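Student: Handing you a structure now.
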């Protein structure tokens, strides 16, 4: 009874190589879209503007605070700005900044404040043109709508710190021409923001400390930061918010809150930087301005710290003696942190509130994705998984591959005897082709009578004439392939070959009398008449041999044809001939051939059949992985090209 015919898709067809490869391609495209765009929107899905209990009719103003953007420009990086690796890193860095700014700008802030270090190496500018190019790069990335306010305060990477006064003044002029005044004051929602030139304050504080005088006794530098603070303090402004690139002084053991990734802000100073302002400088700022809050940057990591002032506060709208300072996370990628971020600030006009003691501002941090983790955890782990799947598919495909037909195998010449299995051999036309080969094909040969021994021995006592007989190949059988019936062409590549010591004259064949003939019938050669043959008679034997005439022996067999590869290799050979001790010498140097490279691999133990087959399998797996990844690579290029 026959089995019923079952239709449908088998499990092997579902998990076939083509189906699995197609599924992996789709998965990889999704992974790239998620890693390049989706994860950024997902990370900010829970980031909202802070709110507080106010009347619904009151308008809330939203301010976006960004710290340490640090745009890199190759003209300001010296030798670090060029090269393939540095260029690739800079492109990835810029692409990440563009994506994060694209996501952050979708929050639609009313104003944007940059807390210094807009440029990565602005202090290394040698001319106004270089500084301006870096600023244009910065503004091309951080494009802001015309209806949005934007304000800048200087950082140590923008104007330098501890530089020679002549260089410092030049850099500050570059900054003022591109970003605006170093010390600035502006009002948003009836709150006064004081942007402080913190690097200039540090430089002036060093001069004051060297003079050993207090801030009250110090004569401020005209248009300097101390002069600016003293001038602002005379107005006794309320609802003031201080902006400083360098954080204020605090204890090194102070806690920075749960949003900080590690450690705290430690006191430190060096060429071009200072981690915190001095204690006396901090006290001078807080007592002079009495701000509601302080926002700083430069540390790269988040820190929430509350300063406590001794004594009573006379002119501040904040009745308590505590002033909260928030150090905003770096907006750009950094080795100090895993996740960059920014700060959201909401403001309400205090004049529209019924209670003067009501809270008029609120802030909250927002975290961006970990770019390094995207490449290591997401992309790298997916790549390893894809590689394992391709290896499994290749191994399974090799195991299911059918055995080769034994009929096409040629028996070993050493296989003989009764125990040797008889294998049906199909005739391969390539074995009987006219192409020269050092191996003789296994074809039937005509029987030849053995010559007497005295004929083979020179100068024998026999009176019979000894004829030098050329060795002839066996006559072809009727079943021989037609390719064997084609005469072998000779090569005329080099006329001077006969005089070469590598081709002795006694082994060279005549080529001038050869004529190429090929008939449509099954004749073996153009030898037709008996005039081409000589008969050798032996007096002691009745046997006779029909031999080819010596005048036509050279027409029958030709030297092997020299391949084009050999001629090309000869052309790529460099030779130098010279005379040494009366003898002519020659030195020849040629490019290594593939056979010599294979010999080198064999010598190094890398050219064995096992290693070659292993490398072949590895290359197949890599090609399979590339065939899976190419749609994802195209998607990655398109997404980042659109962002750039």
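Positions of Cβ are set from backbone N, Cα and C atoms, glycine also.
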Student: If you look at how TrEMBL annotates this chain, which of 451-485, 486-520, 521-555 comes out as region 'Disordered'?
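Tutor: That would be 451-485, per the region 'Disordered' entry in TrEMBL.
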Student: Between the candidate ranges 7-25, 26-44, where does TrEMBL place the transmembrane segment annotation?
Tutor: 26-44
Student: May I ask you to indicate which of 210-230, 231-251, 252-272 is given in TrEMBL as region 'Disordered'?
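Tutor: Matching range for region 'Disordered': 252-272.
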Student: Is the transmembrane segment (621-643) packed against any residues at least 6 beyond its ends, judged by a Cβ distance under 8 Å, and which are they?
Tutor: 21, 24-25, 28-29, 31-33, 36-37, 95, 98-99, 102, 383, 386-387, 390-391, 393-394
Student: Could you tell me what the rest of the chain brings near the region 'Disordered' (252-272), counting residues at least six beyond its ends with Cβ under 8 Å?
Tutor: 123, 156, 160-163, 299, 301-305, 327, 329, 337-339, 365, 367
Student: If you average per-residue pLDDT over the domain 'Calcineurin-like phosphoesterase' (63-258), what number do you get?
Tutor: 91
